[in-house]
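Q: TrEMBL lists these features:
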type	residues	note
ACT_SITE	LYS17	active site, proton acceptor
ACT_SITE	TYR245	active site, proton acceptor
BINDING	ARG115, MET293	substrate binding site
DOMAIN	224-352	domain 'Alanine racemase C-terminal'
MOD_RES	LYS17	N6-(pyridoxal phosphate)lysine
Amino acid sequence: MTKLRAATTAQVMAVVKADGYGHGAVPCARAALEGGATWLGVCTLAEALELRAAGIEAPVLAWLIGPGQPLHQAIEADVDLSAAGVDQLAEIVTAATVVGEPARVHLKIDTGLHRNGATAQTWPALLEAAAKAEADGLIEVIGVWSHFVYADAPGHETIDQQLVAFGEALDVAESFGITPQLRHIANSAATLTRTDAHFDLVRPGIAVYGLSPIAGETFGLRPAMTAHARVLLTKQVGPDEGVSYGHTYQTRSDTTLALVPLGYADGVPRAASNVGPIAVNGKRYTIAGRVCMDQVMLDCGDDGVHPGDEAILFGPGDRGEPTATDWADAIGTINYEIVTRFGSGRVPRTFAGERHG
Ligand SMILES: *Cc1c(COP(=O)(O)O)cnc(C)c1O
């Protein structure tokens, strides 16, 4: 957080969706707020209410709201809501009428991602409805916001194009009398590489957890999550023995096999079979054979690996262990997916430096 806080003069909304990218939403939210974030961002209403239930009072924006959700709970809990269309806004207005207080709304414009957000064609109708609801005291427009397609490829032409589209959307909003306190579009990559995209607030996610959104650059970030286990069992086997389901790995010589008790039920991708890296006693091995539901095997030669030795799947990298980014590269995904997979499984989490119990 310190690096992100120093990277901008805008407010920082720490994104803690998906259980804090697998790190634990509540402890990460608290740590981010201590580190200088003033806002929290989540995807679902349930995620926002989890933060409130934990006693977190900082402003929270929830941005993926489906039809028929209990929006009155959001308004009662002071959760900001995103609206991308007139129907969505109408639901928010109805809920605000029931609760008897204005809903806090961020209007989302689609500047090119073509995912969530109003198109340039539907934007004026959304603004008109929002201006009316605001005049009626049923909503307060807090923000106008958007999201990048390709901020992780600095210099990509879509970045400038989206900034132009965002500027136009803000101008149209102003013509409807809507001048939000918070204009926001920057994710981690744009926070780290495009100060001209910071506006009033930035929304970093992955970088909050010390992981870089951009291949080949670390920005001096230090990964927060370490995934590790203790070797549970070792055994000696001879050459040409198949290992794990389907025998997709064969030993080459007399060797020590080590069982690491983590599998795909714990977050280890099955796609890491025969490619995922794991460090034991400072040396890196590649998973031998298929990743099972609960365990993986390593072929440790005559390295003297023993039950109880620490096996590190990924961590900050200081002790020669792989990083989540190494794992992502090994199986053809992104570090986001690696850490998020370890979120809500059966692996116990401990929090270094935790001050809140
Ligand atoms: C996930 C998300 C972010 C954070 O993205 P990072 O790339 O992790 O920084 C920001 N805004 C929205 C709308 C998101 O969905």
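Glycine is no exception: its Cβ is also placed from the backbone N, Cα and C atoms.
How buried are the listed features, and what sits near them?
A: In this view, LYS17 (active site, proton acceptor) is surrounded by 19 other Cβ atoms within 10 Å of its Cβ, with every protein chain counted.
Its Cβ taken as reference, TYR245 (active site, proton acceptor) is surrounded by 11 other Cβ atoms within 10 Å in the chains shown.
A coil conformation is recorded for MET293 (substrate binding site) in the three-state DSSP classification, outside any helix or strand. Applying an 8 A CB threshold to same-chain residues 6+ apart, the list for MET293 (substrate binding site) reads GLY263, TYR264, ALA265.
Secondary structure at LYS17 (active site, proton acceptor), as computed by DSSP, is helix.
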Q: Once the chains shown are all counted, how many other Cβ atoms turn up within 10 Å of the Cβ of ARG115 (substrate binding site)?
A: 11
Q: Between LYS17 (active site, proton acceptor) and TYR245 (active site, proton acceptor), how far is it from one CA atom to the other, in Å?
A: 35
Q: From the Cα of TYR245 (active site, proton acceptor) across to the Cα of ARG115 (substrate binding site), what is the distance in angstrom?
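A: Checking the Cα atoms of ARG115 (substrate binding site) and TYR245 (active site, proton acceptor) gives a distance of 40 Å.
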Q: Let me know the model's mean pLDDT on the domain 'Alanine racemase C-terminal' (224-352).
A: 96
